[in-house]
Structure formats: structure tokens, C-alpha cells
Amino acid sequence: MELIQDTSRPPAKYVKGIPLIKYFAEALGPLESFEAWPDDLLISTYPKSGTTWVSEILDLIYQEGDLEKCQRAPVFLRVPFLEFSAPGVPTGVELLKDTPAPRLLKTHLPLALLPKTLLDQKVKVIYIARNAKDVAVSYYHFYRMAKVHPDPGTWDSFLEKFMAGEVCYGSWYQHVQEWWELSHTHPVLYLFYEDIKEDPKREIQKILEFIGRSLPEETVDHIVQRTSFKEMKKNPMTNYSTIPTAVMDHSISAFMRKGITGDWKSTFTVAQNELFEAHYAKKMAGCKLRFRWEL
């Protein structure tokens with residue numbers, strides 16, 4: 001994987017008013033010709049909400065718990081990232097061309113930028129939502145280590161941008177709410193990161209039911225064990241350690257950092273939390289979604 005040297009810290013590029021990583025914004029043109037297949041399964045999240053975790057769970061389900069098969073390639077190749085693009089690397093769409101059915105694919109795109117083919121084909125979607133405070137903290141550390149993002153600045157200024165929807169992929173509030181609304185008219189299984197942390201087996205059973213598959217209980221237990229944070233953090237096929245340091249610098253922050261609920265409490269000041277709570281109440285007024293800040 002050779003990357004040319006201009007990957008570092010490009011400013012965000014706005015598409016339909018939504019800020020995106022520059023290279024991903026440039027991939028949206030070619031993405032218009034992407035054709036979804038009815039048996040595709042889309043994993044959708046706002047960044048830092050459990051995408052890699054659920055990708056690995058689903059690949060293990062598709063491989064019927066066969067760990068060897070899930071070691072065939074890094075998770076970002078096994079579950080192509082729809083809008084991914086970076087200099088010198090195959091795009092997500094290029095990877096999908098070589099992926100046999102039934103395909104797993106992932107996206108962070110808000111609905112305004114999602115290829116229409118996915119909705120036209122009634123592709124099943126598994127959406128994972130995570131509480132906004134933990135997302136903000138995790139996203140800040142991800143910005144720091146993944147150099148395709150703009151410079152994150154200080155935590156204080158990053159939090160302000162996050163609240164204003166001025167980070168890559170835009171507003172968390174809009175993202176979680178619009179995909180929730182879609183779940184009323186489209187085949188979307190809407191899951192919560194906190195629920196998977198609390199009882200992964202229960203949530204995996206929901207996934208199996210949604211995709212119309214069944215596995216022996218011992219296989220499900222095996223999947224739970226293999227997709228624990230501890231296991232995935234040390235697995236080179238899931239921890240992104242195969243990505244060049246020029247793109248992701250794990251010495252700044254690990255891709256798989258803590259994987260817990262409530263980490264925001266170690267980062268938010270009292271004043272930041274009060275400001276965030278007031279802003280959150282306004283942005284989520286009238287929304288039926290309820291998030292847990294700790295377990």
C-alpha cells in the first residue's frame with residue numbers, strides 16, 4: 001500500500017453543506033455509478049460508533065464463526081468502505097467490484113449523500129448509534145491520529161466544532177435522527193453501541209433475526225468472545241495496525257483506544273458538560289431516541 005505524501009491534514013471539503021474528508025468528497029462522483037445488489041448488507045454509523053466492531057461481528061456471522069476465514073484480510077478490505085478514497089489505494093467502490101455476493105459494506109454518509117441505489121434496492125441496513133459525548137471524545141482522538149482529517153486543534157475547539165456540525169460527516173444530531181426516521185420506512189435494524197456493550201449476545205441474536213440467519217448457540221458465544229474489545233485490539237486484522245503511519249499514527253492514539261461507555265467523564269470539564277447538555281436538549285427536543293451516557 002503506497003501512499004503519496006499529500007495525505008496529511010487536508011482541509012475538509014463541503015458537499016451539499018456537509019464537511020467531508022477531502023479524498024472522500026472526491027470519491028462521491030464515481031460513487032454515483034455504484035450499483036447496489038439486493039442481497040448487500042450496509043453497516044451505517046456516524047464515525048466512532050462501533051463500525052469496525054459490528055463489521056467484524058457480521059463477517060464472523062457470514063463465515064459461520066470460522067476465525068481462519070476472518071483472518072483472510074484486514075476488516076477494511078473484507079467490509080469495503082463505500083466512500084473511501086486515498087491517494088495510491090483502491091477506492092471502496094473498486095474493492096466492491098471484486099467482492100463476491102453476499103457483500104458487506106459500510107458507510108458514514110448522511111442520507112443526503114447516500115447513493116440512491118441502496119434505497120431503491122431496499123438494501124438491508126444495520127445502523128449503530130452511540131451517545132454523543134463518547135463519540136465526540138473518540139472522534140477527537142481519531143482526528144489526532146488519522147492524518148486524512150483536518151487538524152483537530154484543542155479538545156475545547158474540537159468540541160465546539162462537533163456541536164456545530166463542523167466536523168467531517170457533519171452533525172451527529174442530524175445523522176442519528178434521520179437514520180432513525182428511515183428505519184420506519186426502510187429495512188433498518190437500529191442498534192445502540194451501549195446495548196452491544198451491555199449484552200453482545202442479545203444484540204447478535206437481533207442481527208441474526210434481522211438478516212434471516214441462524215447459528216448454533218456455541219458459535220454465537222464464540223463470536224461474542226472473538227469480538228470483545230480485548231481480542232479485537234490485539235488482532236492485526238481489526239486494529240488497523242496494517243495502515244501506514246503516514247495515514248494513521250498509532251503512537252499518537254491507538255485506533256482501538258478504550259472501547260468503553262462513559263469515557264467522556266475523563267475528558268469533559270464541568271463547564272463543557274453543562275454547555276453540551278443545554279445544547280443537546282435543544283437539538284434533541286421532540287426526538288424519541290434515548291441514549292445512555294454510562295453503563
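Each Cβ is built from the backbone N, Cα and C atoms, and glycine gets one as well.
The active site, proton acceptor annotation in Swiss-Prot covers H108. Just so you know, the Cβ of H108 (active site, proton acceptor) picks up 24 other Cβ atoms within 10 Å once every protein chain is counted.
Counted within 10 Å of its Cβ, the other Cβ atoms near K258 (3'-phosphoadenylyl sulfate binding site) come to 15, all protein chains included. Classification of K258 (3'-phosphoadenylyl sulfate binding site) by DSSP places it in coil, neither helical nor stranded. Annotation source Swiss-Prot lists 3'-phosphoadenylyl sulfate binding site at 48-53, R130, S138, Y193, 227-232, 255-259.
Summarising the annotation, Swiss-Prot assigns substrate binding site to K106, T107, H108 and lists similarity to another entry as the type of evidence.
The phosphoserine annotation in Swiss-Prot covers S138. In the structure as shown, the Cβ atom of S138 (phosphoserine) sits within 10 Å of 22 other Cβ atoms.
In the three-state DSSP assignment, the secondary structure recorded for H108 (active site, proton acceptor) is coil. In the three-state DSSP assignment, the secondary structure recorded for K230 (3'-phosphoadenylyl sulfate binding site) is helix. Shown in sequence order, L42, I43, S44, T45, T51, F81, L82, E83, L105, L109 are the same-chain residues outside K106, T107, H108 whose Cβ sits within 8 Å of the Cβ centre of the substrate site. Classification of R130 (3'-phosphoadenylyl sulfate binding site) by DSSP places it in coil, neither helical nor stranded.
When the binding-site residues K48, K106, R130, K230 are compared by the number of other C-beta atoms lying within 10 angstroms of their own C-beta, K230 comes out lowest.
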